[in-house]
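Before any comments, here is the structure.
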């Protein structure tokens, strides 16, 4: 569908340009691109392939196709599944941390996200399919776990399935099974026991295996951007690699700040009320600016693939237009460094313009009401910058091979600099700057490219990029979006080092009315019904008596309401005056008193407690590791208060000098 | 030193055979092996290189060298650092789970283990250096963390350094930085937060970088066994790969059972009293049997390297002795399948004998009182089996390419089966069977070999091997040794699914004397000193009074003793009759009463508590995730009992129908 914007295959309209010309008999590379079965729109409609009017017609139709794809996508999302927009990773992180967003992983979301993802990628917008594929995979995981009661009834088990699904999603998106498992571990999952690690591994194995059987890239390889470089890297090259890491970190910071500022503006101003118009406008601008530049006109993954490639002898790309030494007769895969030709200089200009355009447009694209991933645009930005740096270093080394830094490893006639490697390192650095991944990033990159020899450059760039980006702000793009949307997410990465105690955080504070509690054997049904009506707490601690306040358990609001309703309907003698007993054996009552209501079975006898002197550092640790929603605070068995996850989040925000009211469920 | 067993380099005695002949001018492969500077012992001593007497002399000297290396190693270990023996991974796992083994990570252990590791590997015993290198790296980590008070004073931080050190150790051992991080995560570490993940990643990066700068393999590559295969794998080959997985699982089970049985015998019978004799005997047997067979005579890593290799046109190895078609003129790296020659058949027999020998001798070698790793012997067993299966499949496909299973992908004259790949898969399967690694195994294997294309076969073999091995017993070799030695290790991988409650596990049981507790303001110094003398508990719960038993805190035995000692020495008026107060403000006492002792500052006011109704599943989860050593059990604030880690381990053993008394600190 991406190629449909430019032309159509006469033998079968669903073929891409490349597939269409595969069957062609032309054998040289140039001819294959111009095979007769593939017709540009101008050729088909007005029988012209060159000239200004043909160009304008093609330009116009390119924009029209892009607009119709984007309009269809945004309409489908708005009408059928509003949750299908965005990358979905911030929400999945929140869901895996224990929060429930109903319908987020539903069947409609799955269906609509799959369809619209195809449309938006084809429309040429600056976005990728990889992040949304994680969401799609989690929808599948949720669907399958709803089929088995073992998983549908146990929230924890369901989350393990979702962790594995996220791994399988990345495995399929990039053809990177191990990278997928690590992505799920490092970026998506909240609680990732070893058991889940190895189940995710199995899911990713099956995903990779299925992918290989389908063989979508037609080359029997799992990897998306397969590269083969012919030279090792040299120690002196670490300097430009680290520079690329710095660039990646700066790009990550810039992108996150600008994107969040823009998304906040969208949330708070009228802009958010016209999502369709916004998508149409951005698509139109993208298409208008993208068409004239060959590096933005094509699909972004093709662009990345070309930038990663080493220039072999058979390469016809403009980026490989070097001036060859006519006397040279060498084996084809060991071409020495050569001076750049006219094509390379043109390409450099076009790449520079494409880079600026990508940087700006991606800020406005990510966060619109369509499925949109960040991996591919970030990688494209990094690959463009990296390739330009690489060509620069290569030409410097060629023209100045007597400089001290080049003298040791770059003699004349040697193949010492591989610009494609710089593109790969730049892509890793930019992706790292935006997402703050480290290990999973490096694994994904070398699974993507097959470039196992280049772990150290990739690691150096990833680490530098993370450092630089972290210096300007700790949050990656997903955490920033979680924060922007106010999801109750307790980040496992932040360290809590303040010396506050549980007593400083718990409710009620000094001067506030006392905690709403139930007593084990003195409240009537009516008392409890009033309490339920007047408050909206999720549950109530149960104490021995109002005086002693010794805690015996915790009763869920939902179960209390249900138990009272059932008792009033079915149990004769239970009236508003009946006394509710949470004790094991209610005492014998006088004959004329109303029938008592025994509720011990709904009482949670092991509520989680801490003492009021417990340091908040420990409390935060317990909340994180045990995934609690609330925790009771006691002193010598006396109930003093309660700490909820919200309280913990508010306190952490306060300690970090942020507005505590920004933490809320909205 | 390994080559010193066979001969000596005249130009420099510390050169290995290969290094010695690098400088030689002979260019053909056969001649290089026989360069004049390298002399066998028989050539040097009696000027004979062929013949029976020369063979016997070489044989004899081979055994003598092996014995002297092994004797030196075992003596050094016995005299200077008894903790330097074994692989060290079970102990490091235990240490990282919170148990302290004094001196295990000390400087002497570091020094002696480094030296003896070189000796035992050179002695030709069936062991590897990779596991012990993890121990060595952890010793370094421990040493460095002792230099900074931030790490030396905080046990948790020190464990994080050790986790990162383990990653760096594997990174250096295999040249596999990412595999190292994953090994630390999957196999070694107990608690591995994301912060540690990314610090380990940095440590592994620096380790890999340093390794590359030193360039130990002389090929600018990080990887130990670099391979390049020229053909992809085919779907039908999954069947033999899975068979290799089954073999790996069976070998893992057999090895663990036999090795544990032998080690138990060593622990419980007189055998354990003669460690030097044991090492000498095993070394002698190894050397005597190993010398005649070329596949056991050389070092195990060379053997693995040869087994992994694809047969190129220049390969002179016996394993590549195929019958060439004289009419064939093809490029060198795309050799079609050929019928096996005499050399291959000889190699098959020798490999089969070597395989049986390795399987048996490794069982007796691992666990002796010398440093010994399991990675390399396991991989060798798998690689030998894999190569034999690979050659079998290759010959089957060559002679029967009209069979249905071969017809689709193996036409005559095609290069369809790569026996080296089978060796790689077999090595992964055997390593997986013994250690039960999954993700880290696959990552290490492809970092080792550079064979990124072969993730799916490796994953399939690893998963099959784990399944088969788990069917016979859940424990990997490291867990089995932890169990054998009775270390208090709470495995994070086991699921606890029984429906027991905290009240069933806590002490005191019904009928036992009540818990030894302190009261907050009624016990005298003498009472407490008696209690300390009569019991050996690590600490005592503090309650309001013996009647109410309301818990207010927990006091450590060590701090109590210290506080009483200090008070008696320095505080005037503190005598045996003085009352100890744990309250905030001790009451005013009559003038003539002895001076009270205030101890609130040593009281832990936030001891961890659960109620008696808490399911043990939750308790086990809390112990694991929070790394507790004990936990108090209360009901409505009244102290009922205590659960220690030992109680939890005993209960888990009981539930699994094991002898609970096997869990102890010995």
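Counting begins at 1 with the first residue displayed.
Placed from the backbone N, Cα and C atoms, the Cβ positions cover glycine too.
Listed by sequence, the residues of this chain that lie at least six past the ends of the transmembrane segment (B:59-84) yet keep a Cβ under 8 A from its Cβ atoms are 1, 4-6, 41, 91, 101, 103-104, 106, 108-109, 111-113, 115-116, 119-120, 122-125, 275-276, 279-280, 283-284, 286-288, 291-292, 297, 368-371. According to TrEMBL, the transmembrane segment annotation covers B:59-84 (among others).
Look at TrEMBL and you will find B:105-125 (among others) tagged as transmembrane segment.
For B:161-185 (among others), the entry in TrEMBL reads transmembrane segment.
Tertiary proximity for the transmembrane segment (B:238-262) is limited to same-chain residues at least six positions away from its ends with a CB under 8 Å from its CB atoms, namely 359, 362-364, 366-367, 378, 381-382, 385-386, 389-390, 393, 422, 425-426, 428-436, 457, 460-473, 475-477, 480-481, 484. What TrEMBL records for B:238-262 (among others) is transmembrane segment.
Taken from TrEMBL, the feature transmembrane segment applies to B:274-291 (among others).
What TrEMBL records for B:347-367 (among others) is transmembrane segment.
Counting residues 6+ beyond its ends, the transmembrane segment (B:374-393) has Cβ neighbours under 8 Å at 87, 126-131, 173, 237, 240, 243-244, 247-248, 251, 255, 295, 300-301, 303-304, 307-308, 319, 340, 344, 348, 351-352, 354-355, 358-359, 362, 365-366, 417-431, 433-435, 477 in the same chain. Positions annotated as transmembrane segment by TrEMBL: B:374-393 (among others).
Among the features that TrEMBL reports, transmembrane segment is placed at B:421-446 (among others). A Cβ distance under 8 Å defines the sequence-distant neighbours of the transmembrane segment (B:421-446), meaning residues of its chain 6+ beyond its ends; these are 170, 174, 176, 178-180, 182-183, 185-187, 227, 229, 233, 240-241, 244-245, 247-253, 255-256, 304, 307-308, 310, 374-375, 378-387, 389-390, 393, 452, 454-455, 457-459, 461-466, 468-470, 476-478.
Residue counts for the domain 'CBS' (B:506-570) under DSSP, split into helix (H, G, I), strand (E, B) and coil, are 24 helix, 16 strand, 25 coil. TrEMBL lists B:506-570 (among others) with the feature domain 'CBS'.
Under the heading domain 'CBS', TrEMBL lists B:603-661 (among others).
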Confidence summary for the domain 'CBS' (B:506-570), mean pLDDT rounded: 87
Beyond the flanks of the transmembrane segment (B:161-185) by at least 6 residues, Cβ under 8 Å: 92, 95-96, 105, 129-130, 133-138, 140-142, 144-145, 151, 192, 196-197, 199-208, 210-211, 217, 221-224, 375, 437, 439-440, 443-445, 447-448
Long-range Cβ neighbours of the transmembrane segment (B:274-291) (under 8 Å; 6 or more residues past either end): 59, 62-63, 66-67, 69-71, 73-75, 78, 123-126, 266, 297, 357, 361, 364-365, 368-370
Distant-in-sequence neighbours of the transmembrane segment (B:347-367), which means Cβ under 8 A and at least six residues beyond its ends: 86-87, 125-127, 251, 254-255, 258-259, 262-263, 266, 282, 285-286, 289-290, 293-296, 318-319, 321, 374, 377-378, 380-381, 384-385, 387-388, 391, 477, 481
DSSP residue counts for the domain 'CBS' (B:603-661), split into helix, strand and coil: 24 helix, 19 strand, 16 coil
